[in-house]
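Listed in Swiss-Prot for this protein:
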COMPBIAS  609-627  compositional bias 'Basic and acidic residues'
DOMAIN    69-113  domain 'LEM'
MOD_RES   259  phosphoserine
MOD_RES   268  phosphoserine
MOD_RES   488  phosphoserine
MOD_RES   496  phosphoserine
MOD_RES   512  phosphoserine
MOD_RES   528  phosphoserine
MOD_RES   662  phosphoserine
MOD_RES   804  phosphoserine
MOD_RES   896  phosphoserine
MOD_RES   914  phosphoserine
REGION    609-636  region 'Disordered'
REGION    870-924  region 'Disordered'
REPEAT    411-440  repeat 'ANK'
TOPO_DOM  1-12  topological domain 'Lumenal'
TOPO_DOM  33-938  topological domain 'Cytoplasmic'
TRANSMEM  13-32  transmembrane segment
């Protein structure tokens, strides 16, 4: 009996011990759960283990690498490559776009292998201390820990795959205020509940609007959302804290979030503390409605099909079809810019873009066109119409950098590697001249572009290889700077696009504000550094055998002397050369094909404008003649009043009044033209010759010969009976007029032939003015034969003077009138120093008359003058300044509109030598001399 009792007592004691141990264990576990895991706890391996929440929240994980990434950014590409190799990672070409990927991979590897590098121990400890549980998000504000509370946000899933676009603003933790009255209630709910769930909206690429309502892709699991993105081509997803926002994104309503430069708010919706409203707990967003509306509008361009990229775009690049290529990319910018602002892949497998193919196929024009289009803001606005200028420039710089420096997938070769490898010097010139190019990038075999020159083309010449090496060394230019004043020009220091931090020369020569402002007028290049320095020295101090001539050119031509010297040296050495021409408005070498084409277009436009101007002037002149000539017996008032000073109605009134006061003594008119004087001179001569004669005409009109006899070229005989002879004052007046015209012609033209031609043209123009007044028939055709005999005698007398040996024949005058010899120069019908400068620039150019007909005609017109005459031509500025002091011998429109036209002058207004602008002062002087001659004859 004793043994069973002892056994029962032992079992009871053992049971109580087990019960006590269980209670103690439960208490310990409760305490541990109550306190929660400490952030400084170590795992089994002895390394710091981040809490599960840190792994679940991408924002916290990225924040732990900030300091490490900042240290890696300080390393140069070679040191970074060594660290990547030491960490056991594969290293490819490190460029400005791929560097971030390698830095991120290296940072993750270093965090996992923290024991290898002692320099990262401190950082790991700090990173571990910074990680916090999402449930411990309450932060004190102004000493009160219960006033405000914040939740950590979920980082937006951006461009984490592939190459990153321009860095958007950092997504920071957003704290939303909670009313103090709800603090206790919120604390109770926060401790009992977990972090609010996330909703992932997947937005496919919809091809039409009705398809947006068919199905909505919203997931609560991130893996499911990623799987949906992989299955739906071209789709994207984003995390939201509410299902409504995720559904809006999936439908495409809230497509993008604001650009970094437009708002300071984060790109993705921010999870905030639950707020009480209408007795229900709702998830609020710290994003105002006004800023939510300000979204980036998605463009309507579709992703091109793979067949279009290969069959259309790539074929156009390979064949060098610039028009087809330009039409494709401007019709749809996604031919060049893919998702994530990455270059569009035109050849799968190797992942070639347009620049790879163009560099491989030696299509330098396609390379240049691609860069020009990508750097055009209008093209980028097709993709992002709502971006401001700053963000647009960031995108442009990013995309251009990707096109220039992105390696392919096989050998990590950049477009510059391809151009050098195949010996395409023109492509190397285009690529290496861009300021964003990386010339020392290494491929898979650790070779730079300079190391692979002509690897795939062994038969290339040594000169070509040397030229490619010079292109890779850098592009330098030798500039010529001029001031707006008459100070001497300055040959500037060497300049290169690579010089970003420091400028070799500034816009001012010197440091004083009183120094003149200098502008770029010409430059030689691109050249290698050695050639550019040699050319600069040669330009400043020419060789001894040419020093005298070049010094004379500089001193004798202060406007373009230095340009002429630099041009001759550059052409002699075969260096590229351009200079600025004001009338073209661009930098160009006129001796090149491009320069000749621009000059041809300019001269063609000048000729077209001149013809249109002449037609307009002829129409205006005919309208004025019809308005001022109402009949054959009308008195012309142009000798006493300009047409511009009186209206058409006033002219008609005065003509009618004169017709009523004068007897009709004029007979019928023919259609031939024979008068040698302007209308006003003839009126004065007739009044002075026959002041009281019964057959004198007060209107001053002379009458032509008989039509048939004039055409036969015979001189008409005066009819029998009354013969009215003009006094000798007529011959005196003719001689006086010729002397006056001869003096005017000599003052303008130095050669006697030109003076004679000018005089004949003026006489012919005056005859034509009278002819226009005599064309219309008048009511005086019905007068008697006596008046007709008087008219015939007067016409015969005037015809005799006009057809005398001292004057040109009538047929020659008509021929000159019908086909005047017009010579069009750069600034009108008169040459200037600019014509001489352009002729000097075309000295070594071969102008094809079939390809450049306008340039050939202009050059022939300039070469008609002797070198001494060309040296005396005024410059455009001086010519425009003194134009008002020179007589206008060529009549209206002697100058083409432009910089030579006098301000405020009417281009259709006749000049001093025109019949329509004969001054009353000259008429009165001529009248007095005619009367004195008449008295002397008596």
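Glycine too: its Cβ is placed from the backbone N, Cα and C atoms.
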For this session: Over the topological domain 'Cytoplasmic' (33-938), work out the mean pLDDT and round it to an integer.
Result: 66
Seminar exercise, completed: Reduced DSSP state (H/G/I helix, E/B strand, rest coil) at residue 496 (phosphoserine) is coil
Seminar exercise, completed: In all the protein chains shown, the tally of other Cβ atoms within 10 Å of the Cβ of residue 496 (phosphoserine) is 17
Exercise. Taking DSSP states H, G and I as helix and E and B as strand, how many residues of the compositional bias 'Basic and acidic residues' (609-627) are helix, strand and coil?
Worked result: 19 helix, 0 strand, 0 coil
Seminar exercise, completed: By a three-class reduction of DSSP, residue 528 (phosphoserine) is assigned coil
For this session: Work out the three-state DSSP category of residue 488 (phosphoserine).
Result: coil
